[in-house]
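Novice: Got a structure here, written out as C-alpha cells. Questions coming.
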Amino acid sequence: MKSYEVNFDGLVGPTHNYGGLSYGNVASQSNSQQASNPREAARQGLAKMKALADMGFKQGVLAPQERPDVAALRRLGFSGSDAEVIQRAAKEAMPLLVASCSASSMWVANAATVSPSADTADGRVHFTAANLNCKYHRSIEHPTTSRVLAAMFSNEQHFAHHPALPAVAQFGDEGAANHTRFCRSYGEAGVEFFVYGRSAFDSRYPAPQKYPARQTLEASQAVARLHGLSDDGVVYAQQNPSVIDQGVFHNDVISVGNGEVLFYHEDAFLETDAVLGQLQAKLASKGGNFQAIRVPRAAVAVEDAVRSYLFNSQLLSRDDGSMLLVVPEECRNNERVWAYLQQLTSQGGAVKEVKVFDLKQSMQNGGGPACLRLRVALKESELAAVNPGVIMTAPLYDTLLQWVDKHYRDRLGEADLADPQLLVECRTALDELTQILKLGSVYPFQRQP
C-alpha cells in the first residue's frame, strides 16, 4: 500500500496582526504594532498550498481559530455583551485584547505532535494537541485545535486523539515544531526525533539565559508514551541553549528533517555527534540510511539563519527520490544564505532544487514555510478516511480565495481590534468556512446554546 506525507497548512485567520506577542521570536518583536494585511497573508499562504499541490504533493488545509476569543476575555473578568467585553478590554487592558485577537494558530507546526501508524503500538495515527503553555496567546488555542483535528481525522479505526498535556511549565509542549521523523518510506516504521530546550525536573541540564526554552524533555517523553512509541524508534536531543538565546525559539528554526535526511546548523544541538550516532543506528535497525547535511557556522551564521529562516523550510521528497527545499523569499535576499543554497544544490546531494515563496506577512510575525504546515504521514487507506473537505484541490483553492476576498480586511492596526464589527466579520467568515471544509460546529460561537 502506498504512503504519503501530507502537509496540512494553516489558513491565516482574519485577525492577522503584528502584536509583538512572542518574546524570544526576533521577527515578532521587531515588527510589533505595524499595520498588517490579513487578506494578503491568507492569499500568500494559499498560493503556497496550491503551488505544492500542483507539483504533485499531497496538501491539506487547517482552519484558523475564532478570534477575538471573547470567552478567554470573560475568563479574565471582562463582562457584558460580546461587544462590551471587547470595548472594556480595549479600554482597560489592550495587551489582553491583542492577545485574544492573535492569528498565531496559522503556524500549525505548533498545533500538535503526530505519530504515524507504522510507529505506534496500536497501529493508529496519533495526535496530541500542543498546550503551548509558554505564551498566553497560544495557550488558548488547544481546545479548538483538538476539535478541528477530530473533525478532520474522525475515523477512530485509523486515528487516535489525545488532549493537551497539563498546562504547566514543566510540561511545556510546542508540538511538531520540535519534532521530526526519519524513515526509509512513509509507510514503514521510522525514528521519531524529539528536541527539547530544557529539563523541568533535572537541574543538571543546561538552559538558556536570555529567552525561555519552550519545550521540556518531560513533555516530549510524555507525548512519546501517549503515542505508544517504542524506545528503539525514539531519539531525544537537547537544543543548544546558546541558539535559543539568539532567537531560535523552536527547533524548526535551526534544523529540518524528512525521509532519511537531516538538514541542520552546526550549532543546533548539544552533543551533536552522539545525537547523530543514535539517529544513524536506530534508523539503520529499521533498514534506513541516515544522512546528515551540516551547515557550518562559517557559511551561515546563526543570526543569518534566524533572519532568513533558512531552516524553517520544507524538505519535500519527490517521486524520483530527490528532495526539494521550500524556502521564504528572505533566503534569496540574504547573500550568504543564497550563496550557500546555490552551493548545496550543485553538489549532487539529496537536495536537488530550492523553491522560493513570498510569505512576507507571516515572516514578519516570525513564521516561515515550516511553521505554516503540520505533517501527517498516511497510508492510502488512512488518507481515504480523512475528511475530504480539507484536501486542497483546484476548486477548493478558488473557493477559499473568493472567501478570503469577501471576508478579510486588507489593513489591520491595533486600534481596529477594538472594533466590535471585527468580531461579527470573523464569526460570519468562520461559519461559512466550516461549511466549505465540512467541519461541523468546531468554534465556540457555533456551540453556544
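Note: Cβ is positioned from N, Cα and C throughout, glycine not excepted.
Quick paste of what Swiss-Prot says about this protein:
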- 19-28, Asn110, 137-138, Arg214, Asp252, Asn365: substrate binding site (BINDING)
- 23-42: region 'Disordered' (REGION)
- 27-37: compositional bias 'Low complexity' (COMPBIAS)
- Glu174: active site (ACT_SITE)
- His250: active site (ACT_SITE)
- Cys371: active site, nucleophile (ACT_SITE)
Novice: Between the recorded positions Arg138, His250, where is the Cβ count within 10 Å the lowest?
Specialist: Arg138
Novice: Between the Cα atoms of Asn110 (substrate binding site) and His250 (active site), what distance do you get, rounded to the nearest Å?
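Specialist: Cα-Cα, rounded: 9 Å.
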Novice: Quick one: Cα separation, Glu174 (active site) versus the residue listed as 'active site, nucleophile', in Å?
Specialist: 11
Novice: Which of the three DSSP states, helix, strand or coil, fits Arg138 (substrate binding site)?
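Specialist: For Arg138 (substrate binding site) - judged by DSSP and reduced to three states - the answer is helix.
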Novice: If one measures from the C-alpha of Arg138 (substrate binding site) to the C-alpha of His250 (active site), what distance in angstrom results, rounded to a whole number?
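Specialist: The separation of the Cα atoms works out to 14 Å.
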Novice: Whole-number Å distance between the CA of His250 (active site) and the CA of Cys371 (active site, nucleophile)?
Specialist: 10
Novice: As a test of the contact definition, list every same-chain residue at least 6 positions from Cys371 (active site, nucleophile) whose Cβ is closer than 8 Å to its Cβ.
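Specialist: When sequence neighbours closer than 6 are ignored, Cys371 (active site, nucleophile) has Met106, Trp107, Val108, Ala109, Asn110, Ala177, His250, Asp252, Asn312, Ser362 within Cβ distance under 8 Å.
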Novice: Tell me the Cβ neighbour count for Gly19 (substrate binding site), meaning other Cβ atoms within 10 Å of its Cβ, over all protein chains shown.
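Specialist: The Cβ of Gly19 (substrate binding site) has 25 Cβ neighbours within 10 Å.
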